[in-house]
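Following: one structure in structure tokens, then a few remarks.
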Amino acid sequence: MTRQEQIALAVAVLALALVPVVADDFWLVQIFGQSFALGLVALSLNFLSGYGGFVSMAQTTLAGCAGYMVALTSVNAVGKGVPLHPVASIGLALGVSALAGAFVGWISVRLHGVYMLMLTLALAMGFFFFAQQNVELFNAFDGIRGVVVPNVAGVSLRSPKIFFYMSLVCSAAALFAVMITGRSPFGLVLKALRDHPRKAAALGFDVAAHRIAAFAGSGLLAGCGGIFYTWFNQRISASTVGLGMINSVLIMAIIGGLRSPIGAFTGAFAYVLINTFASGLVGAERVNTLVGSAFVAVVLASPDGIAGAAKYVRSRVRQSSLFERFVAQPASGSARSAVNE
Amino acid sequence: MTICASHFGNRPMTWAMLAAGMTLMAHDAVAQSGDTIRIGTMFVTEGALASLGQEANRGLEIALAEFDGTIAGKKIVVFKEGTNATPDLAVQKARKLIEQDKVDVIVGPLSGGEGLAVKEYAKTVPSKTFVNGAAASQDTTMRDPAPNLFSFRVDGAQMTAGLGKYVYDEKKYRNVAIVAEDYAYPYTQVAGFVSEFCGRGGKIADRYWVPLGTKDYSSVIARIPSDVDAVYVVVGGADAVNFLSQYYQTGGKAPLIGGSITVDSDVLNSKGPFRSKIIGILSSSNSADESEAPEWQAFAKTYRARFPDGLPAPSSLAAAYYISMKAMLLGLQAARGDVSGNQDVLKEALRTLKFDTPTGPISLDQNRQAIADNFLMEVTSRPDGSLYNKVVKVVPQVNATLNMPREPYIAMGAPSRTNPPCRQVGKVL
Amino acid sequence: MLKLAVLSLLNGISVAALYFIVASGFTVTFGLMRTINLAYGSLFLIGGYVGYQVGDLTRNWYLAMIAGSAIAGLSGAVLQWGVLDRLRGQDMRQALVTIGLSIVAADVLLAVFGGLTYQFTPPDWMQATVSLGVFGGYPAFRLLLIALSLFIGVFIWAGLTCTRVGLAIRAGVDDREMLSAIGVNPSRLFVIVATCGSALAGLAGVIGGTALSISPGEDSRYLLASLVVTIVGGMGSIAGAAVGALLVGLLEQVGLLYFPNYSIVAVYLVMVGVLALRPQGLVRGTA
């Protein structure tokens with residue numbers, strides 16, 4: 001992470017921290033809170049894909065593991081599970097999602113590219129159908145509803161401002177952690193494995209262990225998102241981990257750009273905005289056409305999502321400015337994106 | 001925009017979108033004014049239930065047209081949201097309507113799972129008023145209800161009222177197998193049917209629960225014992241089309257009894273050779289396509305005039321949303337358009353509302369659940385070859401416990417794959 | 001009990017036949033171009049819907065079949081030529097674009113054809129019920145379906161073995177670089193294969209709509225089925241698709257009988273197992 005990026009991130013977080021001054025509860029929770037929750041799930045995909053080159057369709061499922069766990073260890077309206085202390089509940093949920101992540105990493109350890117995509121899709125669909133059919137634990141199609149979000153010092157964590165700040169802080173921390181990881185020895189090994197798996201293995205790095213650890217980490221990120229998303233809806237059901245959501249998370253990550261971690265949140269924000277307000281633009285019935293077309297346009301126009309497109313425009317602007325043309329080295333932006341930050 | 005924004009930092013789009021967001025937020029600041037009533041409504045627009053949502057929209061439009069856009073001098077503004085029948089999205093849309101569009105009241109949602117989810121949400125906004133659209137899950141109102149949610153729509157069990165008794169007494173069926181989809185709505189219908197049929201002394205040979213979205217039922221059909229008197233089938237939409245055609249293709253002999261979604265207008269108007277085979281299937285529902293009642297005739301006439309591209313007759317979903325929207329509008333009228341504060345006047349008006357609908361008089365019980373007529377029907381062919389459900393019997397004024405004693409009925413617990421067992425309960429029938 | 005076993009075996013095989021027809025186009029396309037066309041289910045649905053309209057107008061089921069294949073083949077050609085070819089070599093972006101297109105297609109088809117269910121009316125002789133002696137009646141169309149899938153399988157196999165295009169495809173499946181070396185224009189070959197593969201999807205739409213039915217949501221169902229069959233069998237392999245389809249079909253039907261709640265879960269578990277242990281699929285090699 002460059003110094004410039006650090007500053008940008010800090011400024012963005014500070015600006016967001018001021019949002020509650022102008023925004024009402026709807027914007028705090030449904031737009032921003034939801035964007036942070038989904039952004040965390042998209043970030044887990046972004047992390048895997050950006051550093052490891054794995055496109056996993058199972059991130060929604062990992063989030064769902066944590067979501068179901070937190071729902072089952074909270075007071076809920078369907079009487080499933082056992083209510084636990086919030087700390088235990090959250091800890092257990094994150095533990096489960098990290099373990100599930102490690103499992104996905106372990107089982108797909110030999111695969112790349114579209115094969116990885118298919119295996120993770122198969123796992124995700126298997127989990128979805130299981131959750132939809134299992135009455136004993138998952139309460140089948142109807143899922144766990146009426147999940148009570150814990151109180152801390154008499155204040156519900158679901159109250160708009162608390163929820164907003166909590167999800168903001170968690171997102172910022174996760175983003176920071178992902179960026180730091182990118183420059184850590186672990187992150188560098190991941191990138192080496194992505195770009196030159198044979199050379200990296202020849203240098204003595206344990207390919208399997210690194211992959212499994214990366215997936216476990218992504219499970220942790222997705223798990224955070226899953227907990228927030230379950231608290232946000234105060235419910236979780238099979239449809240939360242269904243193909244629609246799986247596609248949506250993928251769309252967010254791609255629209256935002258897989259190369260930059262912050263893209264996960266821009267993507268999630270764009271997605272939530274479109275999904276919430278498109279009914280006012282195109283009528284209640286054709287929202288999917290709009291979302292789908294936007295997605296296709298982004299994938300076709302820019303391999304790197306909104307962030308990539310912005311970078312491209314910026315580099316073009318710089319190149320064409322007199323200063324750039326005569327003094328500075330050209331094409332700094334695109335050159336940098338080519339080496340994957 | 002992007003170019004200008006690039007001066008701000010490294011991620012111009014973040015800023016651009018933040019700016020766009022702020023603009024949208026500022027837009028909401030146009031607060032609600034005192035001389036309008038904002039009604040939010042939601043129905044399914046995507047996925048397997050989308051055709052039901054289309055009918056729901058037609059029904060509520062007819063109700064709105066009757067009021068000419070004003071109530072007690074206040075202008076009615078309607079906000080519509082589409083869902084994909086998932087509970088998650090239903091709650092998000094309800095929240096959007098209340099918090100963003102600042103609606104005073106909500107009419108909806110459409111499906112059972114959504115209904116349970118919106119009920120939980122309704123509890124968190126106690127000052128607002130919700131009228132159920134067409135959700136037919138029992139616990140929308142029966143157990144742990146929301147005090148601000150009113151359901152003028154009967155639940156899945158109520159829609160079976162009279163069916164078990166009729167097939168026992170008139171058709172002389174004694175031993176019936178059940179094939180139903182594996183989720184809450186069919187559980188509820190089966191519960192209603194079983195408690196009546198077994199209450200009379202009937203026997204259930206077996207219950208086969210098939211996953212939602214099963215397309216090939218032939219193995220299940222092969223498993224139905226050959227000595228049953230009839231098969232009660234609660235399978236909807238495309239799945240019903242598949243079940244019905246496969247049942248007759250594989251030479252199924254026992255007569256079928258349909259659930260409320262098995263031979264509804266959605267299935268009867270689907271295209272395919274199965275249609276010639278299903279004439280005569282008995283079923284029960286809260287509305288009948290060709291009811292003789294003058295209110296229904298008038299409703300159907302308006303429907304056909306207004307929606308020439310619609311179905312030959314309004315479906316039960318069109319009727320449900322018409323009734324729900326009309327109940328809300330009548331309640332608002334009785335409250336003289338007062339939606340301020342806790343909306344107590346409106347809530348009281350809805351609680352005591354009783355009105356004649358196309359499907360007969362409807363009023364609410366102590367849990368704010370509809371008491372309404374139920375219809376037993378047979379699939380019949382019109383002269384032009386299209387199919388409809390012909391009324392065989394009207395079961396008047398069915399309440400939420402199928403007119404059985406309330407306490408023991410509720411004590412049976414929520415319907416499930418095995419609950420209620422086939423016991424001779426409810427002898428009062 | 002024996003009756004039940006025989007009938008569910010027969011059901012499993014007839015479902016497998018349908019899956020085979022759907023997946024055969026998918027597997028050849030995938031094997032050659034390494035493109036997972038996730039809009040394949042939409043082509044199935046387009047073929048089915050348009051085929052239905054034609055069949056309804058002309059009262060001719062065979063014409064419906066031709067029209068369904070033609071429109072799906074045409075759509076597939078346009079998709080390949082207009083979109084996928086420009087992204088050649090970037091298989092992830094191709095997959096993503098087709099996901100987006102499938103979302104749009106599902107929405108547009110819903111707007112045009114509504115949410116009702118369509119079922120084709122085949123010629124009378126196909127609608128008959130064949131008596132299987134002590135095993136009771138069985139729909140003739142299902143038996144026909146099994147025969148048809150065998151015919152299509154042999155046809156594709158012959159096409160791959162005996163024609164020049166087939167030769168080029170097999171060469172391409174093994175080694176894509178070979179193509180240019182033997183003087184084949186990859187773009188043209190890819191469009192031809194995409195057209196044929198998509199036409200098979202459209203054909204399957206009409207056949208599936210006759211044996212079962214078509215309605216919104218069937219696109220993702222058949223796409224997932226094709227994915228599972230292709231992966232389990234091994235990509236690019238017709239024999240593999242047959243094995244995969246049989247396995248999935250039987251598992252589904254037998255599962256529905258003995259563990260109805262988790263029969264679909266079992267199908268995906270098989271896919272996971274195959275991918276994890278034998279990513280090249282159960283049947284190795286090409287065509």
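Placement of Cβ uses the backbone N, Cα and C atoms for every residue, glycine included.
TrEMBL entries are annotated by machine, without manual review.
Marked as transmembrane segment by TrEMBL: C:6-26, C:38-55, C:61-84, C:96-120, C:140-169, C:189-212, C:224-249, C:256-277.
Contact check: the transmembrane segment (C:189-212) against the transmembrane segment (C:224-249) gives fewer than three Cβ pairs closer than 8 Å, residues 6 or more apart, which falls short of the contact criterion.
The transmembrane segment (C:224-249) makes no contact with the transmembrane segment (C:61-84), as judged by fewer than three Cβ pairs under 8 Å among residues 6 or more apart in sequence.
Counting Cβ pairs under 8 Å to the transmembrane segment (C:6-26), the stretch among C:38-55, C:61-84, C:140-169 with the most such contacts is C:140-169.
Here the transmembrane segment (C:38-55) has Cβ contacts under 8 Å with residues 22, 25-26, 29, 61, 63-65, 67-69, 71-72, 75-76, 79, 95, 98-99, 101-102, 105-106, 109, 112-113, 118, 120-121, 198, 201-206, 208-209, 214, 218-224, 226 of the same chain, all six or more residues outside its ends.
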